[in-house]
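Colleague: First, the structure itself, so that you have it in front of you.
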Amino acid sequence: MGVKAALPKYEIYFYNVVLCLAMCWATSWIFEVSSSNANRKTFKTSVKPGWHYFGRKMDRADFEWMMWFSTFRDHILFALSGHVLFAKICSMLAPQYRSLVYMVYGLLAVWTSMGWTYVTLILSHCILLYSISLVKIRWLCFVTGLCTLSMFKCEPFLSWQAGFVEGDFELRHVLFYGGCGFTIMRCMSFALENCERKDGNYNILELLKYNFYLPFFYFGPIMTFDKFYVQVNKSDLTRKEWEMWNIRVEGLIQLGVIIVVDILFHFMYILTIPTDIKLMKHLSDWALVGLAYFNLVYDWVKAAVMFGVINTVARLDHLDPPKPPKCITMLYVFAETHFDRGINDWLCKYVYDHLGGKHNDVVEELVATLCTFGVTILWLGPCQVVLVWAFFNCFGLNFELWTAKLSSREPFASFEIALTEAMSRRIRAVFNTFNFWCIVLYNVLALNSLDFAKLVAKRLLLKGFPITTIIVMFVTYCLIQVIKERERRQAMIDDPDPPASPPNATTSPTCTAAAPADSHPVTDPSKEKAE
């Protein structure tokens, strides 16, 4: 009962129609609420005049989005354009020194924006973790890195280190936390990779090249040191066919998405409305459920665009950066849920996969998830919302493994074998429906507030029961089936079924021996676990 199980075409068409109608209906409710409450007193701080030719106010509640694409857009573009210019000149004249040029430009840019005392602070952390890495004791490097990271999360160490930043501009705190946090994670990656190296040690200059690569320095994403070291030092800088065309198209798509999101902010105040609990109590069930869903979709779009801009610059530098996160609309298992693929790859490589092994043993999986979310809590900053979010996501990840173990035993295994592939897919989609809303509620908790998550959960499961609950779950079931259909088509492209041989065809011994090996293709571990 694998991912290639197909459903009738008319059934898939029906699911798509239901899903489109539900999305339009929820959007209309949010648009009506936004239009009728544009002048509300509680909206004054975040709903401000937008583009004059729209004649409407704009939702400006998200500081990160406004910082990137409005307030400090020119500064960010200037810094990244300078990096691209110098990198291109170096690649043409002296490609063997391009990593050194990246480091020098990044160091000067950080010095100019934050001051020499901040650069000194960053260098001190780099030297500390480099010195520890020379001992080549993995647990010592990990403990030192976590202790250093915790110094940016608690007083009085935080205030003392924040004093190293010069100036009083608006981005001061954002750049301080971003630069320091990502520096510690990069230094830990370097130290752990140095422990794995059998012949000698990496040079400290390699660490500085890795850390002061400007596109990744302040905002990420994190690229593990082993990948960065190989890619930044490769001598062959020839590009694949159509690579530059794809980079240009990717840049245009990101620009288009930025414009579309800014336009939608004039008509749907999805970020401001959740801050007004009194207003939300009077909203319809559809408006409330739609707000929860659109908030998650927007956060994914923001992460995809912000990382996409940085990744475009990195690809111009002949690097292969972490891919954007998987769209929240395409998620129905905890094993694939993340909003930052760089951090996710880092945690999987050094914590989750290292402790969890093949992720088949229940105890090993529990230890691996507890340690992974422990590091995540420290990275995000310990607080009530983060702790509750980590607990539920950790439970969800383990519960999936427990359910998979239970369903592989009797009598469940025999029951599923007796079903057709299509019916098995439908039954799994029912369970995935509840899983999807668990993911939505747990992440709404982290992205918005505990009160908003409670209100959505009560309206969906208690006050709206049974009508709202059944309708929303049915629409979600249609969404899950649409996702599964897309995955099925992708699986058919990646691993097409071999053509059936004629009945009278003779098979050679070599082919016969190779058949069992090909009958079980290697699949992505996360997808295998999800199924």
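Don't overthink the numbers, they just go from 1 along the chain as shown.
Cβ coordinates are placed from backbone N, Cα and C, and glycine is handled just like the others.
Because TrEMBL annotations are produced automatically, they should be read as predictions rather than curated entries.
Found this in TrEMBL, in case it helps:
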COMPBIAS  503-519  compositional bias 'Low complexity'
REGION    492-531  region 'Disordered'
TRANSMEM  12-31  transmembrane segment
TRANSMEM  76-94  transmembrane segment
TRANSMEM  100-130  transmembrane segment
TRANSMEM  137-154  transmembrane segment
TRANSMEM  212-232  transmembrane segment
TRANSMEM  252-271  transmembrane segment
TRANSMEM  283-301  transmembrane segment
TRANSMEM  366-392  transmembrane segment
TRANSMEM  429-448  transmembrane segment
TRANSMEM  460-480  transmembrane segment
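Give me the structural setting of these features: burial, nearby parts and distances.
Modeller: Same-chain residues lying 6+ beyond the ends of the transmembrane segment (12-31) with a Cβ under 8 Å from its Cβ atoms: 267-268, 270, 273, 283-284, 286-287, 289-291, 293-294, 474-475, 478-479, 481-482, 485.
With a cut-off of 8 Å between Cβ atoms, the residues of this chain six or more beyond the transmembrane segment (137-154) that come close are 125, 128-129, 161, 177, 180-181, 184-185, 187-188, 191-192, 194-195, 350, 375, 378-379, 381-382.
Distant neighbours of the transmembrane segment (212-232): 79-80, 83, 98-99, 102-103, 105-107, 109-110, 174-175, 178-179, 182-183, 185-186, 189-190, 193, 202, 206, 306-307, 310-311, 313-314, 317-322, 340-343, 345-346, 349; these residues of the same chain sit at least 6 beyond its ends, with a Cβ under 8 Å from one of its Cβ atoms.
Within the same chain, residues 146, 149-150, 153, 181, 185, 343, 347, 351-356, 359, 398, 438, 442-443, 445-446, 449-450 sit at least 6 positions outside the transmembrane segment (366-392) and bring their C-beta atoms closer than 8 Å to a C-beta of that stretch.
Remote same-chain residues near the transmembrane segment (460-480) are listed as 14-16, 18-19, 22, 285, 288-289, 329, 332, 429-430, 432-434, 436-437 (criterion: CB distance under 8 Å, separation of at least six residues from the stretch ends).
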Colleague: Would you mind listing the long-range same-chain contacts of the transmembrane segment (252-271), meaning Cβ under 8 Å and 6+ residues beyond its ends?
Modeller: 27, 30-31, 33-35, 37-38, 43, 46-47, 50-51, 54, 56-62, 65, 69, 291, 294-295, 298, 301-302, 304-305, 308-309, 312
